[in-house]
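These notes are about the structure you will find just below.
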Amino acid sequence: MPKFDVAKHDLERLVGKEFTVDEWEDLFLYAKCELDDIWEHEGKIYFKADAKDTNRPDLWSAEGIARQVRWALGMLRGLPRYSIEESNVMVYVDENLKDIRPYGVYAIVEDLELDEEALKQIIQLQEKVALTLGRKRKEVAIGTFDFDKLSPPFYYKAVEPQKIKFIPLNCEREMSADEILEEHEKGKEYGHLIKGRPYYPLLVDSEGNVLSMPPVINSETHGKVTEETKSIFIDITGWNLETIMLALNVIVTALAERGGKIRTVRVIYKDFELKTPDLTPKEFEVDLNYIKRLAGVELTDKDIKDLLERMMYEVDFVDRRVKLRYPAFRNDIMHPRDVLEDVLIAYGYNNIEPEEPELAVQGKGDDFVDFENAIRDLMVGFGLQEVMTFNLTNREAQFDKMNIPEEDIVEIENPISQKWSALRRWLLPSLMEFLSQNTHEEYPQRIFEVGKATLIDESRETKTISESKLVVAIAHPKVTFTEAKEILDSVLRHLGAEYTIREIEYGSFIPGRAGEIIVEGKKVGIIGEIHPQVLENWGVEMPVAAFEIFLRPFYKGSFL
């Protein structure tokens, strides 16, 4: 979880009221933070805040905490209002960045009065947002510049590395792009995000002055922000527009809390145009009875409205529904329980009387888990070895290497590694990878796994369903379809199921040696001999026969 430093005197000038240290310890809870440490320096008190929610970057600074406290105490209510004026400033985005770092969003904040503490908070907030929300700058990189020292319009360009030279931040000499990546502290840390690309991203002004080389480093000589800076130009780049727009909203509203005036920037892409930032409030709706039923305390309609307004919501009641508008610097409201959480934060968890449950509860194993374990025991009894592989995978493993067309799968929005960028929709690719990593071991190799596959299901609240499956793979020089079918036959016989196999053509299997497994007219699995192309894709040197079946249809239907 993010940890960050704030000064007591800075918080209090932003709130407009003084508090004791003990009072601050309670007030931090409104901002989903805890006090991790307290110390004194040159007669001033400082706090180290430990954020308890990685989905609230708006709370990772003195400005965000002070804003939350003002609303929670009822000093202000409802939706925060930020005035935004248009500017004639434009940024042109190079289409050649589409495979390097395709998106940039921008803003200007004017009329600032900065001191040492305010400057520390700006820099710290940038770093925390880029580190956590930005996945160490992979998804979000932030630059801030003294706007009065720049010459708009600006150009977010794709430039050949050998043509790049400028003085990077905290340096005294001009360096080439390669020198920056190899010698500069930030180049060593973040250079891998662009190194080896035919072009590097570069932000320049109309006079060709380099402002930054995102996501690595800013320029030392053009636009460095100091305590004398009155207007800040903000540049945020990344791979996902929604994510970098959120980051921009967090930064500009934090600066607005210090009296800054926000101005928009026109961002010109080849095929579309944006005006950023966009602080249009977001909307959500929740059943009023849901809140009352689950809150655990007696709340009237008026109570709920009051509590939500103290958490920066604009509230309307329509036919027992609560229609809400909330700030654009939040993206964590995804379910009614998120609204309920805010109600209880405003109410105060410390004000809820603990109750000891009256029901005696005795724990027991989940019946379906017991069923899965019985399947495992059965497979071991057939002489197979159990393996346990990861639920996370990638499109290449699920489709390309298995020689089948791509389909919709559940993907991770911000994966740390492309190898682990999706949830698997079937288990056989995982066993093929296992076999590919054990070609040096003795054959035959007869393995199985009981594991989860995640499928798209639009009818469900989460739009997905997790299915338990059994997969078996057998590898040796003389393996055939028949050997896999014999194991399948034994499994289904023990489960009390009659089945048929309907021949199909499927890219993962040899034509004429693949089939769907049908039970009571429904497809429950697939069986076949692995296609030579698939074996080659995985680097598996032996023939393989395999099958995979859903387990849920057989639950409660067998002696197990």
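The backbone N, Cα and C atoms fix where each Cβ goes, and this holds for glycine too.
The shown structure was predicted, so the numbers you read here are calculated from the model rather than taken from an experiment.
These features come from Swiss-Prot:
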| type | residues | note |
| --- | --- | --- |
| BINDING | D332, D338, E341, D342 | Mg(2+) binding site |
| DOMAIN | 279-354 | domain 'B5' |
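The Cβ of D342 (Mg(2+) binding site) has L307, L308, M311, Y313 as same-chain neighbours under 8 Å, each 6 or more residues away in sequence. Within 10 Å of the C-beta atom of D332 (Mg(2+) binding site) sit 16 other C-beta atoms, taking all shown protein chains into account. In the three-state DSSP assignment, the secondary structure recorded for D332 (Mg(2+) binding site) is coil.
Model confidence over the domain 'B5' (279-354) stands at 94, taken as the mean pLDDT rounded to a whole number.
Residues near D338 (Mg(2+) binding site) in space but far in sequence (CB under 8 A, at least 6 apart, same chain), listed by position: D332. Same-chain neighbours of the Mg(2+) site beyond D332, D338, E341, D342, judged by a C-beta within 8 angstroms of the site's C-beta center, are, in sequence order, I333, R337, V339, L340.
Under the DSSP three-state reduction, D342 (Mg(2+) binding site) is assigned to helix.
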